[in-house]
Amino acid sequence: MFVLSIVVTFGILICTAYVAYKRTLDALHPAMFLVPMLMYVYVARPATYAINESIGVLFRSEPQLLLAQFIQILGLSCFCFGILRGTPFSLSRPNRSLSGLPEVSRHKLLGLALVLGGIGVIGFLISIFTVGGFDVAYSQAKGGGYTGSGYVRELPHLTIPAIALLFLARKKQGFALEDWVLLALFCFPFAVSGILGTRRGPLFMVLGAVIFSHMLFSRRRISLTKMLPAVGLMGISVLFVFAHRSVIYLNSDFEFSLDSLAEVIAPSKRVSRDRIDSSSVWLISTATIVAANQSHVHHWGQRWGVILFIRPIPKQLWPTKYEDVGFEWMVNGRSFEGISPQYWYRSVGWLPPVGSAISFIADAYLELWYFYTLLLYLMGRMFAELWKRARTLSGLWAVIYVVSAAISIFLVAQSVEAFFFRFLFISILTIAAARFAGIPIQITTAKQESPVNSSNLQQVRF
C-alpha cells in the first residue's frame, strides 16, 4: 500500500504538469518548476526509504503511516487542482509594446533595481562585518554573517526583485558591460551565502532569480527543453552544496565526492532512529502528521499569526514577545512544531533533529487540520494567478512572479510561513518603492481581442 501511495503521487504530479503544458505550451507555467521539486520530495525520497527498507524502522504503525500519506496526497491534489483551475484554456495576448517602453520608464525601472539591490547588498555586508569580515564569517563550515536586527538580516532578499527589474529594464537592448557588473553585484550576497555558506535556500533563490528573469523577459519563447534542464541544474547545484556542506569554506581542502552527492540524492543506507536525516523533508513532514494525529495538536492559525505579526516586532521593543503570547517553544527548543517530545516518542519513536523543516502540506495540516485542503487549493490558484498577470500585464506583476518562483523552494522544502513571510516582505517593499518612484504595477496592457490558447500559442511569442 505504501508503494501504491508513491505511484499515485507520481501520477498526480505528472498529470498536473502535462495538463498545464498542454493548455498553455508555456515552459514558465508554475507547474513546470513546482512539479520537479514536489516530485523529489514526495516521490523520490519516500521511494528510497522503501527500497532500503527503512520505513518499518522509522514508523511504528503502518496504518498511521498510510493515513499520513493519504493526508499528503489529498493536500497535493488540492494544490495541483488549484493550479490547473486557475490556468485558463485561453489567455489574452500580452501587449508587446513593452519593447517600445519610453526611455524614462526604463530609467525608473533601473533606478528601482539599483535602490533595492543596493539596500540588499548593504544589508548583507553589515551582517558580514558585524562578525568580523569574510575571513571570520566563512572560515568554517556552514558559516555566514549575523546581526542582532532581524530586519537587517532580511534585507538581502531585496536583491531578488532587483535582478528581475534589471532584466525587465534591459529587455529591449540587452545587457551592456555595466549591466553585467550590476547583475554580479546583485547576485553577490546570496551567491556567497549559497556557495561558501552552503545554504540551499539562498543558492536556489539567486539561481532562480537569474534564470526565471532571463526566460520571462526573453524576446524569444522559451521551450520546455530549455526550462527543465535549467530547473534540474538548480536542483543539482543545491544538492551539491548540501552534500559538501562540511568541507566548503575558505581555505578548506575541498575534494569533490560523487558518493556524497549520490547519497543526498538517493540515500542507499538504511536509516535508523538514532540517525535521522534532517534534510529529508518528506520524512520529517510525514512524522509530523503522525505525531499531530496522535497528540491532537493543531494551532488553528495562531502559530502563523505569531510568525507573521509578532515576529516582525523588534525584540528590543518586546523582549518576551514569544513567552507573552504562549509560544515560548519557538525559541526554547523544548518541542518541535509545538508537539511535546513525549508524543514524538509515542508516535514514531524519535525526535526530529535540530534544524529540521516540514513541507507546506504537513505545515498546513498541523495548523488547520482538514481545512488545510482549502488553503492549499487557494495557494495553487495564487501561483496560477501570478503567472497569468505576469504573462498578460507584465511590468511589476512579472517581477512579483519571478520572486514567487525564486522563493518557491521555501514552500516545498520548509513551510507555508517561511514562503509567505519572504513573499510578503519582498513584494510589499518592492511595490511600495515602485509606487514612490511613480512606476505603475501594470506597465503593459492585454489585448483582449487576441486570445492565446493551446492551438495558437506556438505562433505567439511572449
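Sequential numbering from 1, following the chain as shown.
Note: Cβ is positioned from N, Cα and C throughout, glycine not excepted.
The transmembrane segment annotation in TrEMBL covers 6-21 (among others). Remote same-chain residues near the transmembrane segment (6-21) are listed as 27, 29-32, 35, 38-39, 42-43, 46-47, 50, 72-73, 76-77, 80, 83-84, 87, 224 (criterion: CB distance under 8 Å, separation of at least six residues from the stretch ends).
Annotated transmembrane segment per TrEMBL: 28-45 (among others), in sequence order.
Panel annotation: around the transmembrane segment (65-88), residues 1-2, 5, 8-9, 12-13, 16, 19-20, 23-24, 29-31, 34, 38, 42, 55, 59, 285-287, 289-290, 293, 360-362, 364-365, 372-374, 376-385, 387-388 of the same chain, lying at least six beyond its termini, place a Cβ under 8 Å from a Cβ of the stretch. Annotation source TrEMBL lists transmembrane segment at 65-88 (among others).
Sequence annotations record features per position, and here TrEMBL assigns transmembrane segment to 109-131 (among others). Here the transmembrane segment (109-131) has Cβ contacts under 8 Å with residues 137, 144-147, 152-159, 161-163, 165-166, 168-170, 182, 185-186, 188-189, 192-193, 429-430, 433-434, 437, 439 of the same chain, all six or more residues outside its ends.
Long-range neighbours of the transmembrane segment (180-196) within the same chain, counting only residues 6 or more positions beyond its ends whose Cβ lies under 8 Å from a Cβ of the stretch, are 113-114, 117, 120-121, 123-124, 138, 143-144, 156, 159-160, 162-163, 166, 202-206, 209-210, 241, 248-250. Sequence annotations record features per position, and here TrEMBL assigns transmembrane segment to 180-196 (among others).
Beyond the ends of the transmembrane segment (202-218), by six or more residues, the same chain brings 27-28, 33, 156-157, 159-160, 163-164, 166-168, 171, 183, 187, 189-191, 193-195, 226-227, 230, 233-234, 237-238, 241, 390, 398, 401-403, 405-409 to within a C-beta distance below 8 angstroms of the stretch. TrEMBL lists 202-218 (among others) with the feature transmembrane segment.
The transmembrane segment annotation in TrEMBL covers 230-250 (among others). Sequence-remote contacts of a segment are chain residues at least 6 beyond its ends whose Cβ falls under 8 Å from one of its Cβ atoms, and for the transmembrane segment (230-250) they are 32-33, 36-37, 40, 134-135, 138-143, 194-196, 198-200, 203-204, 207-208, 211, 215, 256-257, 260-261, 263-265, 279, 409.
According to TrEMBL, the feature transmembrane segment maps to 357-380 (among others).
What TrEMBL records for 392-413 (among others) is transmembrane segment.
Annotated transmembrane segment per TrEMBL: 419-438 (among others), in sequence order.
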